[in-house]
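Student: Below is a structure I'd like to ask you about.
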Amino acid sequence: MDPSEFTKVLEQISGIDAEKTAAQFALYYDMLIETNQKYNLTRITEVEEAYLKHFYDSIIPILKFKTSIFQSDMRICDVGTGAGFPGVPLKIIYPDVKLTLLDSSQKKLQFLKELTDKLHLTNVDFVWQRAEEFGQGEGREKYDLVVSRAVANLRVLSEYCLPLVRKGGYFLAYKGKNGDQEMIEAKDLIKTLGGNVKQELLIDLKQDDDSRSLFLIKKNTITPRKFPRSNSQIKASMKGYHAK
């Protein structure tokens with residue numbers, strides 16, 4: 001997907017200036033590539049692949065979900081944000097949301113601070129912490145929407161993310177082509193954590209036989225206090241299940 005094709009995609013989204021928004025994504029790409037030469041942010045650097053697998057991939061829920069889950073003043077947390085995906089693209093489209101970018105890498109968070117300053121994005125918080133610690137602390141049941149992209153197996157990811165979601169909010173998991181198998185293994189734990197799967201989508205990215213599974217999970221009840229467990233306990237609980 002080249003930048004002009006991506007601009008046409010942006011034109012499908014109501015309420016935004018597609019040309020202005022496309023310029024923000026172009027700046028994002030330029031800064032990503034420049035910084036990636038100093039330290040590793042992504043293995044995807046070719047322009048068409050980056051626009052498809054980073055930018056388009058991040059905004060798929062806006063384009064494909066039947067009912068929008070995005071509201072102008074909502075609180076969103078991106079867990080394991082890395083180079084900012086999907087949180088920063090969502091923030092570019094919806095600049096009024098309050099965004100928290102959570103990662104265990106200081107270098108990546110420093111890049112994101114510089115990026116969001118250049119993009120003139122406000123109401124962005126940067127948290128240098130492990131997800132399981134944040135979920136037992138100040139982030140617990142604070143967010144209207146928690147997003148995460150391919151950070152871990154869905155069982156693990158659900159335990160990282162659902163404790164951060166307020167009752168009535170949503171967890172949006174971006175997974176790869178094996179997402180269905182991961183969901184089979186994760187469903188019981190998702191229910192224990194207070195979640196219920198509302199929508200599932202399989203998207204063909206039309207490149208390298210790549211596909212994306214999206215799972216929208218609603219938080220119906222408060223997560224039991226013992227979750228999220230420690231990292232070692234979470235890893236131990238994965239014995240007998242498929243790895244990422």
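Cβ coordinates come from backbone N, Cα and C, glycine included.
According to TrEMBL, the record shows the following:
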- Gly80, Phe85, Asp103, Ser104, Ser105, Ala131, Glu132, Arg149: S-adenosyl-L-methionine binding site (BINDING)
Student: When you look at Gly80, Phe85, Asp103, Ser104, Ser105, Ala131, Glu132, Arg149, which the record names as binding S-adenosyl-L-methionine, what is the longest CA to CA distance in angstrom?
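Tutor: Farthest-apart Cα atoms in Gly80, Phe85, Asp103, Ser104, Ser105, Ala131, Glu132, Arg149 are separated by 19 Å.
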Student: Does anything in the same chain, at least 6 positions from Gly80 (S-adenosyl-L-methionine binding site), have a Cβ under 8 Å from its Cβ, and if so what?
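Tutor: In sequence order, the residues whose Cβ lies under 8 Å from that of Gly80 (S-adenosyl-L-methionine binding site) (at least 6 apart) are Leu102, Asp103, Ser104, Ala131, Ser148, Arg149, Val151, Ala152, Tyr160.
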Student: Taking the Cβ of Ser105 (S-adenosyl-L-methionine binding site) as the reference point, list residues of the same chain whose Cβ is under 8 angstroms away and which are at least six residues distant in sequence.
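Tutor: Ser105 (S-adenosyl-L-methionine binding site) has long-range Cβ partners Gly82, Trp128.
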Student: Can you give me the same-chain residues 6 or more apart in sequence from Glu132 (S-adenosyl-L-methionine binding site) with a CB-CB distance under 8 Å?
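Tutor: Glu159, Tyr160, Pro228, Arg229, Ser230, Asn231, Ile234 - these are the non-local Cβ neighbours of Glu132 (S-adenosyl-L-methionine binding site), listed in sequence order.
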Student: Give the helix, strand or coil assignment DSSP yields for Ala131 (S-adenosyl-L-methionine binding site).
Tutor: helix
Student: Using a 10 Å radius around its CB, how many other CB atoms surround Ser104 (S-adenosyl-L-methionine binding site)?
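Tutor: Looking across every protein chain shown, the total is 13.
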Student: Could you check what DSSP calls Asp103 (S-adenosyl-L-methionine binding site) once collapsed to helix, strand or coil?
Tutor: strand
